[in-house]
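A.B. asks: Let me give you the structure first, and then I'll get to my questions.
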Amino acid sequence: MSPRSCLRSLRLLVFAVFSAAASNWLYLAKLSSVGSISEEETCEKLKGLIQRQVQMCKRNLEVMDSVRHGAQLAIEECQYQFRNRRWNCSTLDSLPVFGKVVTQGTREAAFVYAISSAGVAFAVTRACSSGDLEKCGCDRTVHGVSPQGFQWSGCSDNIAYGVAFSQSFVDVRERSKGASSSRALMNLHNNEAGRKAILTHMRVECKCHGVSGSCEVKTCWRAVPPFRQVGHALKEKFDGATEVEPRRVGSSRALVPRNAQFKPHTDEDLVYLEPSPDFCEQDMRSGVLGTRGRTCNKTSKAIDGCELLCCGRGFHTAHVELAERCGCRFHWCCFVKCRQCQRLVEMHTCR
């Protein structure tokens, strides 16, 4: 192997290690709880954290269970959004939790980084509003009377604190060594796009006060959207993600569309550096599990249909008996009694 080839291989290895380590903190989702953390030494034992995240853990012990919850939210939402796709956001019990898929600069990695940073921002924000954290509470900057005439009151979600903590904790790996590399730029951009998906969908919730249900006085507060809405928004961004490449702009490096005919991406869009594999066949070297054995929809022409999901390999059909409740009746007072029925259904799985 030539010296140039050796150098290129070394760079690819460093790139893979860097990219994997950046998302290893998601392993916190595998823990049942980190709420029992009471000593700083425990932070050293949390699997998947880099040293600067360990230091943040020691300074913010009470927040770490919210970080764990945010990681769980991210994984669950990813699996929901991609449940009918060839890549269905499967996780492993090892590092990184999404396998080697996230070490590549693909659309899938872009979504994982975006939904993960959003998960932490969301969970920490909700913990603030619930009074679970001493360092933060409701957003007291929202007060007075709005231009629409209602009174700002109640507990507005402190999204500023949640976003700031997500930036400090999630972005720390990219903002250290190699922060100007193309993959670091991609990760940082998608992390921020995830947080903006919450910010742009913040809601105003209100309550009426008055005699007999009238609305003489209306008090309102700002609230984060349901996380499912954040997931839907980021899935749309995934479908319209922009392929980019690094380019020097002035004295710094930036990501620009690879195709000059495409419009420049915004801060809310997802970006990726390389095309995705087709995810059809198992390839453990690249972290692809394949679609063999996956359940498919025989009548669908979309990606969840047997033709596309099974990549043209065909599918098996089996008749399966399912047990379900039927003939339910309400009995006074107060319970519902049902019979157990068997139903025969057709199941289709990819060859």
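Yeah, the Cβs are placed from backbone N, Cα and C, and that goes for glycine too.
Since the structure is predicted, the reported quantities are computational estimates derived from the model, not experimental observations.
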A.B. asks: If you follow Swiss-Prot, the disulfide involving Cys311 connects it to which of the following: Cys280, Cys341, Cys350?
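C.D. replies: Between Cys311 and the options Cys280, Cys341, Cys350, Swiss-Prot records the bond with Cys280.
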A.B. asks: If you look at what Swiss-Prot says, which of Cys215, Cys220 makes a disulfide link with Cys208?
C.D. replies: Cys215
A.B. asks: Look up Cys328 (disulfide bond) in the DSSP assignment and report helix, strand or coil.
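C.D. replies: Strand, per DSSP.
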A.B. asks: Using DSSP reduced to three states, classify Cys338 (disulfide bond) as helix, strand or coil.
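C.D. replies: Looking at the DSSP assignment, Cys338 (disulfide bond) belongs to a strand.
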A.B. asks: Specify the secondary structure state of Cys350 (disulfide bond) as given by DSSP, simplified to three classes.
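C.D. replies: For Cys350 (disulfide bond) - judged by DSSP and reduced to three states - the answer is strand.
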A.B. asks: Given the disulfide-bonded residues Cys296, Cys326, Cys333, which one is most crowded in terms of C-beta atoms within 10 angstroms?
C.D. replies: Cys296
A.B. asks: For Cys138 (disulfide bond), name the DSSP secondary structure in the helix/strand/coil scheme.
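C.D. replies: In the DSSP reduction, Cys138 (disulfide bond) maps to coil.
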A.B. asks: Taking the Cβ of Cys334 (disulfide bond) as the centre, count every other Cβ atom within 10 Å, in any protein chain shown.
C.D. replies: 6
